[in-house]
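Here is the structure we will look at.
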Amino acid sequence: MELHLYDSWERRVRRFDSIQPGRVGMYCCGPTVYDYAHIGNLRTYIFEDLLRRTLEFNGYQVQHVVNITDVGHLVSDGDDGEDKMEKGSRRSGKSAWDIAQYYSAAFMADFRALNLLQPAVWCRATEYLPEQIGFIEELERKGYTYRTADGIYFDTSKQDDYGYMARLDRDALQAGVRVAIGEKRSITDFALWKFSPLETRRQMEWDSPWGRGFPGWHIECSAMSAAHLGSLFDIHCGGEDHIAVHHSNEIAQTQACHGTRLANYWMHGYFLQIDSKKISKSDGDFLRLQSLSEQGFDALAYRYLCLAAHYRSQLEFSWEGLQAAATGLQRLRETYHRWPDGGVADEGWLQGFRAAINNDLNSARALALVWELVRSDGDAAVGKATLRAIDAVLGLDLDNWRPDSYQVPETVLALAHQRQAAREQKQWQEADRLRLEIRRQGFLVEDGAAGPLLKPDRG
Ligand SMILES: Nc1ncnc2c1ncn2[C@@H]1O[C@H](COP(=O)(O)OP(=O)(O)OP(=O)(O)O)[C@@H](O)[C@H]1O
Ligand SMILES: [Zn+2]
């Protein structure tokens, strides 16, 4: 059966054909690790995981590469403002290198909790300086760069089709310039290399043919994708906000350097919103996976919520919606585990599932089909085997759920640690107070030989 995917370049659903038979190279723009990921960021990774699993379901071997931006992503897309990493460092009092490590680890934990498949390669921008510098040197040799007081810039006027994917109207943009663009020749030009400011040393800076400084944000993805997947590969993904600036700039650089449009298919996940506004880290207080678990929701309920909407439509987050997703997931888990093993997956149902998911990842339709299967009166063992095959794509991890499994929210875990510390210092009153607080949050503590055990208070 054919696979059809929406390509942002052509702005239509196209049949998917890989460059090499049976293999797919896929590059996904990863997190900027200056803070925790919010659930909006995570929606994009869930979409990318669904895409990868769908490709694998169709028999492809996927070389999945995800980068980690640990330098160069400025607060403003206009090439000014602080580096997000240095900002994170100032806020937390830790070094930029330490926060990169800390938030990368936090991101990996979210990745695992959402049952996202590990990419073949994680690549960090700070580990690819020679590749990025080499790329910029090549652009310079080809005459695409110019120098200003604060860096080396890409000259977008050298390309007639700059911004094609975003269908940018450059003249209108230039005419409407309201902000100072400094020495930049055009509003769409962007930094390839930024010089370290003379008066302050940056924590992350390197020597280069142009002087001490750091790479611009876009160059890392062109350089690292070329290093791992070559100068033309199958699919490039990111969130919808990347179309106009980040991906337009990646394409411009790669077109100038290698003469390709970088990827054959460009795919974008649409925003998760609250009150009709994109969830953003810059908003200060933002929802992350832990915020959901503090309210008693497990990560896979969030995954289910995302699957229930098409990746190419904006999704409005609500607690009621998440509750409905959690209930649906719970029923699915219980049904799956009630059904006996020993069946063989039913080809008819799988065909129906494939038709839905191969139609530009219609996961909402696929979930509806799962419910039709659950409500059908077919052989239960066959149903279970079919559901198992489908879950290889949906990734709800039905198989590993145990009827008595439960998640202890991190706030409760923290209280349990505090209580343990109080007990060790023989502060019995404080320990009792904490036990009560834990009880209020729905858990009982049992002090066994192997240490305290937390169980949900079902009484
Ligand atoms: N509200 C959202 N919904 C879905 N995807 C999002 C949302 N916000 C950002 N993304 C995507 O998340 C991924 C990671 O982005 P990154 O870590 O650079 O976050 P960011 O752009 O700094 O976030 P923010 O803009 O919220 O500060 C990117 O693919 C980006 O397009
Ligand atoms: Zn990127």
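Yeah, the Cβs are placed from backbone N, Cα and C, and that goes for glycine too.
Heads up, TrEMBL stuff is auto-annotated, nobody curated it.
Among CYS221, CYS257, only CYS221 appears in TrEMBL as part of the Zn(2+) site alongside CYS29, HIS246, GLU250. When averaged over the domain 'Cysteinyl-tRNA synthetase class Ia DALR' (352-402), pLDDT in the model lands at 97. Between CYS221 (Zn(2+) binding site) and LYS281 (ATP binding site), the C-alpha separation comes to 21 Å. Long-range Cβ contacts of the motif ''HIGH' region' (31-41) within its own chain (Cβ-Cβ under 8 Å, at least 6 residues beyond either end) map to 68-70, 73, 84-85, 87-88, 99-100, 103-104, 106-107, 110, 239, 271-273, 278-281, 286-292, 302, 317. Look at LYS281 (ATP binding site): DSSP puts it in a helix. Here the binding-site residues are CYS29, CYS221, and the one ringed by the most other CB atoms within 10 angstroms is CYS221. Annotation note: HIS246 (Zn(2+) binding site) sits in a helical segment as assigned by DSSP. In this structure, the C-alpha atom of GLU250 (Zn(2+) binding site) lies 23 angstrom from that of LYS281 (ATP binding site).
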